[in-house]
Amino acid sequence: MNAAVMTSPTNFSDYVIADLSLSAWGDKEIRIAETEMPGLMAIREEFAAAQPLKGARITGSIHMTIQTAVLIQTLEALGAKVRWASCNIYSTQDHAAAAIAAAGTPVFAVKGETLDDYWEYTHRIFEWPNDDKGAPVYSNMILDDGGDATLLLHLGTRAEKDASVLNNPGSEEEICLFNSIKKHLAVDATWYSKRLPQILGVTEETTTGVHRLYQMHKEGKLAFPAINVNDSVTKSKFDNLYGCRESLVDGIKRATDVMIAGKVAVIAGYGDVGKGSAQAMRALSAQVWVTEIDPICALQAAMEGYRVVTMEYAAEHGDIFVTCTGNYHVITHEHMKKMKDQAIVCNIGHFDNEIEVAALKQYTWENIKPQVDHIIFPDGKRIILLAEGRLVNLGCGTGHPSYVMSSSFANQTIAQIELYANTKNYPVGVYTLPKHLDEKVARLQLKKLNAQLTTLTTEQANYIGVQQTGPYKPEHYRY
């Protein structure tokens with residue numbers, strides 16, 4: 001596998017990062033991560049000569065971590081040009097951003113950036129230098145995580161026609177987003193509508209962003225095709241489950257040093273993220289309770305031996321609370337008023353509004369260390385809020401391990417190649433990658449683990465009605 005060569009272009013300044021001097025550290029960690037990312041590195045090696053992304057100008061909005069740096073270098077090795085920002089104000093690893101900037105890639109990401117900065121950086125990843133003849137250059141692909149880059153172009157284009165769509169922000173984040181759009185429209189009244197039609201498609205990483213895409217398409221608002229990377233089996237059943245199983249506890253431990261054994265850990269939501277989170281807590285001998293709205297998921301939790309309760313009941317009994325739903329106000333102000341002194345509250349879903357953090361602003365906040373706060377209630381009770389309700393594994397830790405991110409990012413790279421090279425095959429809509437590509441990613445990942453795959457005989461393949469080389473399961477199969 002060929003590692004990317006890092007070069008330092010002279011007079012390059014198209015970036016906003018914390019500290020360029022961290023680049024050597026970042027580069028060393030990138031080299032280590034490459035050895036743990038067999039799927040992604042194999043894709044890089046397979047397609048490097050063909051340059052399938054030559055001409056692609058990718059706007060990337062995804063956590064600026066060491067693993068993402070390997071993804072960026074892979075996209076570039078396949079011919080793409082990229083501009084990058086983080087999709088979360090706390091998830092950037094500053095040494096990773098420094099390494100990417102030092103290599104000459106435009107990156108706009110600082111751990112702990114403000115929301116105003118966040119939306120400014122999201123605009124910056126759509127702003128390319130003019131070409132040699134002075135003509136404007138625009139992004140033609142988006143690689144998104146949570147859907148913010150996609151949202152920005154769509155909402156901004158609507159605001160050009162009807163400014164009233166920016167009149168009623170529902171959160172602090174929307175206030176910053178709307179103000180940022182107004183600021184750019186004041187300078188260029190067609191900033192968004194010039195860029196939106198240039199986009200050939202988007203590949204979306206996470207559950208929350210995929211939900212947004214399906215909703216936009218249902219409402220007739222989606223302007224370009226999208227590939228739902230999240231629902232590739234080698235993404236959702238691995239990144240979401242096994243990634244969270246390792247990174248959740250890492251984030252909580254780094255933030256609090258709490259002893260988990262014996263504690264009541266309340267896991268809100270029992271999808272793939274919730275399943276991994278519950279397994280992690282049980283592995284450290286917590287008493288795991290689960291809250292769920294879906295009777296099927298609730299039954300799964302019960303059959304695994306978890307106690308299924310409501311949040312109303314759990315609030316006054318739990319020691320550690322983790323939201324994993326992708327929904328809104330799963331832990332409310334009223335729930336937190338009932339909690340024990342020193343209860344730990346955190347989120348591992350994409351957005352911070354799973355916890356009603358805005359309602360806590362009325363109380364005294366005592367910062368313990370970065371991304372760890374005591375919220376002091378009028379009666380003197382304190383709860384510990386991690387990462388201000390944003391992703392605890394990335395805000396307080398370093399996120400998922402490289403190996404599991406290799407599966408996700410191999411899928412992202414394949415999806416970018418497919419959508420860029422075969423745009424005409426994809427009218428506006430939301431698509432998933434075919435199963436044979438899912439199986440390909442799994443095969444590439446297995447090599448690192450020295451696994452031995454059994455090969456079907458011709459008779460066996462004929463008996464179950466599949467090809468010897470797969471795919472082995474029908475599209476409707478639930479892994």
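Here, residue 1 is simply the first one shown, and the rest follow in order.
Every residue, even glycine, has its Cβ placed from backbone N, Cα and C.
Of the residues Asp145, Asp148, Asp294, Swiss-Prot puts just one in the substrate site with Thr65, Glu205, Lys235, Asp239: Asp145. Fewest other C-beta atoms within 10 Å: among the binding-site residues Asp145, Glu205, Glu292, that description fits Glu292. Checked against Thr206 (NAD(+) binding site) by C-alpha proximity, the binding-site residues Thr65, Asp145, Lys235, Asp239 yield Asp145 as the nearest. Checking Cα-Cα distances from Thr208 (NAD(+) binding site) against the binding-site residues (Thr65, Asp145, Lys235, Asp239) with a 10 Å cut-off leaves Asp145, in sequence order.
Ranking the binding-site residues Lys235, His350 by the number of CB atoms within 10 A of their own CB puts Lys235 at the top.
Looking only at the binding-site residues Thr65, Asp145, Glu205, Asp239, the one with its C-alpha closest to Val273 (NAD(+) binding site) is Asp239. Rounded to the nearest whole angstrom, the C-alpha distance between Thr65 (substrate binding site) and Gly269 (NAD(+) binding site) is 26. It is Gly269 that, of the binding-site residues Gly269, Gly271, has its Cβ surrounded by the most other Cβ atoms within 10 Å.
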